[in-house]
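Peer 1: The disulfide bond annotation in Swiss-Prot covers 5-21, 9-23, 14-28.
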């Protein structure tokens, strides 16, 4: 929840979600 993964999730889910990133405020974050 604090480290940006450099990916947005406005239209599609976080591809980086495979690495543990989650969508928050249309941006993918790690932890």
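Please read every residue number as a count from 1 along the shown chain.
Cβ coordinates are placed from backbone N, Cα and C, and glycine is handled just like the others.
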Peer 1: Identify, in sequence order, the residues in the chain of residue 28 (disulfide bond) that are 6 or more apart from it along the sequence and have a CB within less than 8 Å of its CB; answer 'none' if there are none.
Peer 2: 4, 5, 6, 7, 8, 9, 14, 16, 17, 21, 22
Peer 1: Specify the count of other C-beta atoms within 10 Å of the C-beta of residue 23 (disulfide bond).
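Peer 2: Taking every protein chain into account, the count is 17.
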Peer 1: Using all protein chains in view, find how many other C-beta atoms are within 10 Å of the C-beta of residue 5 (disulfide bond).
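Peer 2: Around the Cβ of residue 5 (disulfide bond), 19 other Cβ atoms lie within 10 Å.
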Peer 1: Among the disulfide-bonded residues listed here, 9, 14, 21, which has the most company in the form of other Cβ atoms within 10 Å of its Cβ?
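Peer 2: Counting every other Cβ within 10 Å of each candidate, the maximum falls on 21.
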